[in-house]
Amino acid sequence: MGQILSNPIIDKEHHSGTDCLTAFGLCAMQGWRMSMEDAHIVEPNLLAESDEEHLAFYGIFDGHGGSSVAEFCGSKMISILKKQESFKSGMLEQCLIDTFLATDVELLKDEKLKDDHSGCTATVILVSQLKKLLICANSGDSRTVLSTGGNSKAMSFDHKPTLLSEKSRIVAADGFVEMDRVNGNLALSRAIGDFEFKSNTKLGPHEQVVTCVPDIICHNLNYDEDEFVILACDGIWDCLTSQECVDLVHYGISQGNMTLSDISSRIVDVCCSPTTEGSGIGCDNMSISIVALLKENESESQWFERMRSKNYNIQTSFVQRRKSIFDFHDFSDDDNEVFAITTKKLQDRLNRSKDNDDMEIDDLDTELGSSATPSKLSGEDRTGPIDLFSLEALLEAGIQIRQRPSSDSDGNTSYFHGASLSDMLASLSNAAAGETEPNDADDNDDNDGEENGKNENAKKGSKIEEIE
């Protein structure tokens with residue numbers, strides 16, 4: 001399961017936005033893990049407003065062995081996509097394959113990242129207004145699900161080493177599957193990065209032990225039936241089936257007072273383990289994006305009204321689902337206490353009286369492009385030697401991290417990721433306590449990778465296309 005904290009970091013990134021094609025609400029939380037290794041993209045329109053076409057692009061990237069590759073994907077993938085000739089030619093399916101391959105190539109060109117040992121999953125969607133088309137590209141075990149008529153439809157499938165098609169490629173490339181892991185190490189069979197598993201110079205990118213080449217699934221949009229898309233990392237899918245997640249979104253919509261950001265946040269609450277006991281599910285980083293599919297000239301509020309008018313009979317609630325997932329835990333009869341681990345005030349979570357060592361936590365929803373500031377310690381500013389008790393309090397309670405959207409040289413400001421303040425504090429605390437740096441940062445998908453000397457820019461990829 002990897003190393004975990006004594007208390008989860010519960011401060012959440014919230015992002016939301018809308019235009020004429022889609023609306024979205026995203027929530028990401030570090031949770032029980034020692035660091036945040038997820039990243040994401042939310043871009044309602046890739047093109048200029050004057051263009052005839054309108055393309056929305058969303059993505060979730062779940063890192064393992066570190067956050068570097070996931071962060072690179074989040075900050076660079078849009079600019080990489082726009083440079084592809086297939087994108088300029090309107091070949092949307094091929095451009096996603098080309099983009100994944102080119103991202104691996106660009107990683108190897110980066111002096112700071114070419115020797116990095118991390119990798120990440122990638123599940124992304126393009127929504128085309130002109131073609132009325134939803135396209136999903138997926139590598140790894142993050143997942144994309146479409147809600148259509150209240151039912152879940154898989155827009156991706158998890159790439160696990162035990163799948164016959166994946167195992168055949170692994171073995172043909174002189175790899176092996178042991179304990180359901182690639183070479184006994186990596187728990188997924190496709191990923192961006194992870195160059196240790198892509199070092200066979202005699203094979204193309206699509207033939208390597210681990211490949212970044214995505215599967216492509218296309219869906220012709222019917223706006224009377226197709227409602228929203230969910231993209232999430234395995235921290236969510238380890239706890240919920242696709243249908244259960246769709247049902248929870250519909251349940252949130254039916255409440256009448258929840259935004260998409262609110263619903264995504266509550267789903268994270270549902271999936272965060274109340275304790276580190278049990279099987280380990282609910283102790284991972286969590287990221288989820290809910291993308292509403294808007295009809296022509298439909299506003300987000302009108303979309304909500306249309307969804308509620310469908311009157312689905314949802315036989316679940318956030319509380320019921322949480323209790324079902326963690327049935328080993330003795331929850332309070334008070335439903336307000338069911339989500340205590342992610343909602344309780346700091347002083348309650350630490351079981352301490354209010355004093356100057358407490359830290360006020362808020363959880364504001366920030367729109368795209370808005371600025372935010374870190375939470376501050378209450379009381380007077382502190383100087384002098386490190387107060388280990390205060391550090392432990394910060395680590396156990398979580399730290400509110402706020403950032404402006406990052407911007408790269410291409411002007412892409414759609415990518416956000418958590419700051420590393422918690423990592424710094426953990427390092428300071430361990431150093432002061434005489435502890436050594438953890439030597440095993442493994443994830444459910446952890447592995448180390450090495451630079452691959454060559455990565456051919458092949459155009460091959462699996463494709464599953466629905467014929468409607």
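Indices start at 1 and increase along the chain as displayed.
Glycine is treated like the rest: Cβ placed from N, Cα and C.
Per Swiss-Prot, the feature Mn(2+) 1 binding site maps to D62, G63. The phosphoserine feature in Swiss-Prot is assigned to S324, S332; the stated evidence is a large-scale study or a structure entry. Among the features that Swiss-Prot reports, region 'Disordered' is placed at 354-383, 427-468. The annotation compositional bias 'Acidic residues' is assigned in Swiss-Prot to 357-366, 437-450.
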(request) Calculate the distance in Å between the alpha carbons (Cα) of S332 (phosphoserine) and D62 (Mn(2+) 1 binding site), and round it to a whole number. (result) 33
(request) Please classify the secondary structure at G63 (Mn(2+) 1 binding site) using three-state DSSP. (result) strand
(request) Work through the modified residues one by one (S324, S332) and point out the residue whose CB has the fewest other CB atoms within 10 angstroms. (result) S332
(request) Round to the nearest Å and give the CA-to-CA distance linking D62 (Mn(2+) 1 binding site) with S324 (phosphoserine). (result) 25
(request) Give the distance between the Cα atoms of G63 (Mn(2+) 1 binding site) and S324 (phosphoserine), rounded to the nearest whole Å. (result) 28
(request) Give the number of CB atoms, excluding that of D62 (Mn(2+) 1 binding site) itself, located within 10 Å of its CB. (result) 30
(request) Tell me the Cβ neighbour count for G63 (Mn(2+) 1 binding site), meaning other Cβ atoms within 10 Å of its Cβ, over all protein chains shown. (result) 31
